[in-house]
């Protein structure tokens, strides 16, 4: 039983650290999500290209708003910040698919 409580305590501590780091990064204060801040490699660019139109438009709106806020040296009101619990990794499934396809092409090229 002691092992489970230690795991639970470390899990809570780790989750608390994740939330702290999420807020410390600052992108949420501009209304951005984690996937909006990814470095745009070729794989990420292809994943963005494959996004459904509504997700792509939402992403562009968040990025444009963040740029505007940054230019004016402002942040959103606290009630409009992206919350850790609400941030979803919307790009991840598309990115995994792109990476899988690229690795498959590389394997075929080796043969």
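Along the chain as shown, the residues are counted starting at 1.
Just so it is clear, glycine is given a Cβ too, placed from its N, Cα and C backbone atoms.
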Annotation match for N6-succinyllysine in Swiss-Prot, from 29, 64, 78: 78
Record feature N6-acetyllysine (Swiss-Prot), assigned residue among 45, 96: 96
Candidate annotated as N6-acetyllysine in Swiss-Prot, where the set is 83, 103: 83
Cβ neighbour count (within 10 Å, all chains shown) around residue 83 (N6-acetyllysine): 12
Integer Å distance between the CA atoms belonging to residue 19 (N6-acetyllysine) and residue 12 (N6-acetyllysine): 11
